[in-house]
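Per Swiss-Prot, the feature domain 'FAD-binding PCMH-type' maps to 118-297; the stated evidence is sequence analysis. Per Swiss-Prot, the feature N-linked glycosylation site maps to Asn46, Asn103, Asn127, Asn175, Asn268, Asn308, Asn359, Asn425, Asn485; the stated evidence is sequence analysis. Annotation comment: Swiss-Prot describes 1-18 as signal peptide, evidence class sequence analysis.
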Amino acid sequence: MSFKPLLLSLSLLSPALGVAPRQSASCRAIPGDPEWPSTSAWNALNNTVHGRLKATVPLPSVCHHEPFGTYNEDACTALKTEWLDDRTFLNNAAEVMNPGTQNYSCVPFTSPSQPCQLGNYASYSINVTGADDVIAGIRFARQKNIRLVIKNTGHDFAGKSTGTGALSLWTHHLNTTEIISSYESAEYTGPAAKLGAGVISGNVYQVVAEAGYRVMGGTCPTVGLAGGYTSGAGHSLLNGAYGMAADAVLEWEVVTAQGEHLIASQSNNTDLYWALSGGGPGTFAVVLSMTTKVFQDGPIGSGIMLFNLTSDNTEEYWGAIEDLWAFLPEFVDAGPNTWDFALTSTGFQAYAITVPDQNGTQVKSLLQPWLDSIEKRGIQYSYTPTDSPNYLQYFSSRFGPGIAGAGPATVQLASRLIPRAAMYNATQKKVIVSALRAFIEDGEDLELGCHALNVGNIEHPGNAVLPAWRNAIATCNVVNYWDWNITATEMQARKDLLVDRLIPGLEEATPGSGTYLNEIDARWKGDWITELYGDNYDRLLQIKNKYDPEHRFYAWTAVGSDSWFTDGSGRLCRV
């Protein structure tokens with residue numbers, strides 16, 4: 001096979017292009033360092049993994065004259081549209097759907113005369129087909145002292161699955177789904193599904209539905225279930241029925257940093273099972289597959305509800321929102337229910353009121369106490385009941401069939417868990433609603449999306465899910481969208497507003513709570529050990545040190561990451 005792409009990438013970050021020399025032997029090597037592997041070393045690794053090593057040539061290289069020589073004006077024009085769609089990134093080894101992480105180093109919207117630099121891209125990727133590929137990649141990274149990252153779909157708000165000069169273990173093509181009609185263990189007997197690490201929500205819902213089941217997964221169909229989603233805890237429209245996605249895990253198939261191919265379950269390698277089930281992705285081991293409970297399918301009752309925010313009803317509108325928060329505990333306690341709603345500058349939308357095994361009319365009856373309060377405030381609303389015979393049809397009606405409902409690749413978000421106890425304290429509730437109101441009134445077209453749930457009373461195995469989830473009434477995301485039509489300085493100002501003012505305001509309004517570790521901005525400045533892991537952190541770090549004593553796996557804000565920093569050239573260095 002041709003190794004031309006390998007040779008191209010080796011020169012991209014040479015010292016002649018401004019990369020500072022490495023200052024310490026405690027840093028991972030990057031291109032341009034004397035220790036960077038030779039072409040023959042990369043070719044040898046490629047032979048070891050049977051031709052599945054790929055040098056990174058960013059998709060937007062077609063928009064730039066140098067250094068790849070792939071400029072194509074027509075292809076670039078098409079890519080400018082495709083770049084806004086999540087699906088563009090799924091089947092490309094090194095791409096991540098996160099404009100902040102892309103960092104303007106090689107994007108379709110900058111001048112063709114600007115060189116296409118790798119920046120935060122991994123330098124090489126192994127298309128993983130099994131444990132042997134992972135073991136080969138880990139061994140090479142250790143021998144050559146280079147950074148190692150784990151990537152699945154690239155659905156990654158925090159930039160954990162890429163890094164300057166990294167070798168990426170790309171698990172996207174481990175995409176098999178096996179239905180197990182009667183899984184048996186000491187802890188559980190019942191239906192399950194074994195999901196390869198590359199399986200995404202939009203596909204697995206279809207497969208399990210055909211077998212008569214439903215499974216917890218993300219609301220974005222491009223989310224990989226057996227990767228960061230579940231290992232980060234995993235919120236779902238079905239949380240009210242079955243707990244967090246991590247609560248349903250039966251076993252993990254992994255390769256550790258020491259090259260061991262293991263099964264982690266409640267009876268084997270139990271500490272690793274505990275850590276992987278909620279303790280965060282990219283740091284304990286490389287997941288090859290996950291076996292999870294699936295659940296008998298059935299109807300889903302729901303409804304779509306809207307009312308407007310106008311200059312004439314501002315105070316009554318926010319009074320209705322405060323009434324909603326007071327009502328949410330009653331709603332989520334009334335059954336296996338969740339409620340996804342959005343607040344924008346134009347009003348309120350409840351787009352996914354999820355009540356398993358009920359119908360839309362029954363759902364409205366559940367909502368009636370709050371609807372009565374809205375009517376008393378003189379607010380006109382619309383409510384449309386919906387009935388779905390199964391979960392797949394329900395999900396598709398809200399988010400699109402398969403991956404057709406994939407969202408924009410321009411989403412920027414940060415999140416916060418809202419404590420349930422605050423809903424019983426009028427003062428605390430007002431403080432929280434005031435913080436949410438600030439997002440809408442001060443946030444320059446920000447949207448606020450909340451997912452209401454109760455996972456505190458659902459039986460679950462011991463795991464590393466952040467304890468604050470068990471005490472939360474909702475998780476709320478603050479969302480805006482990257483605008484490629486404004487300057488980088490203007491876009492940076494929007495990010496500054498989000499991470500420097502608005503999110504800290506919500507954190508101040510919810511002391512002692514926490515944050516969903518999968519939904520943080522790459523520039524988030526919170527106390528990540530406390531906010532993302534809570535009291536679990538010390539035990540998680542012990543497990544990290546046991547299975548990865550050299551800290552070969554690194555991801556920003558992952559367990560153990562406080563032992564590292566990135567220098568001005570992007571090298572990963574020991575503190």
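Using the three backbone atoms N, Cα and C, a Cβ is placed for every residue, glycine included.
Keep in mind the model is a prediction, meaning the values are calculated, not measured.
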Which residue among the glycosylation sites Asn127, Asn175, Asn308, Asn485 has the fewest other Cβ atoms within 10 Å of its Cβ, if you could check?
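Taking Asn127, Asn175, Asn308, Asn485 as the glycosylation sites, the minimal 10 Å Cβ count falls on Asn485.
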What kind of secondary structure is Asn425 (N-linked glycosylation site) part of, going by DSSP in three states?
coil
Going by DSSP, is Asn127 (N-linked glycosylation site) part of a helix, a strand, or coil?
strand
Which of the glycosylation sites Asn103, Asn127, Asn359, Asn485 has its Cα closest in space to the Cα of Asn425 (N-linked glycosylation site)?
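Nearest listed residue in space: Asn359.
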When the Cα of Asn103 (N-linked glycosylation site) is compared with the Cα of each of the glycosylation sites Asn46, Asn127, Asn308, which one is closest?
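Nearest by Cα distance to Asn103 (N-linked glycosylation site): Asn127.
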Hey, what's the Cβ neighbour count for Asn103 (N-linked glycosylation site) at 10 Å?
17
Per DSSP, to which secondary structure element type does Asn268 (N-linked glycosylation site) belong, with helix, strand and coil as the options?
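Its secondary structure by DSSP: coil.
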Taking only the glycosylation sites Asn46, Asn268, Asn359, Asn485, which one has a CA atom nearest to the CA atom of Asn127 (N-linked glycosylation site)?
Asn46
So of all those glycosylation sites, Asn175, Asn359, Asn485, which one's Cα sits nearest to Asn268 (N-linked glycosylation site)?
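Answer for the nearest of the glycosylation sites: Asn175.
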Quick one: of the glycosylation sites Asn175, Asn308, Asn359, Asn485, which has its CA closest to the CA of Asn46 (N-linked glycosylation site)?
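Among Asn175, Asn308, Asn359, Asn485, Asn175.
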So among Asn308, Asn359, Asn485, all listed as glycosylation sites, which is physically nearest to Asn175 (N-linked glycosylation site)? Use the C-alpha atoms.
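Comparing Cα positions, the closest of these glycosylation sites turns out to be Asn359.
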Reported as an integer number of Å, what is the Cα distance between Asn308 (N-linked glycosylation site) and Asn359 (N-linked glycosylation site)?
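Pair distance, Cα basis, whole Å: 26 Å.
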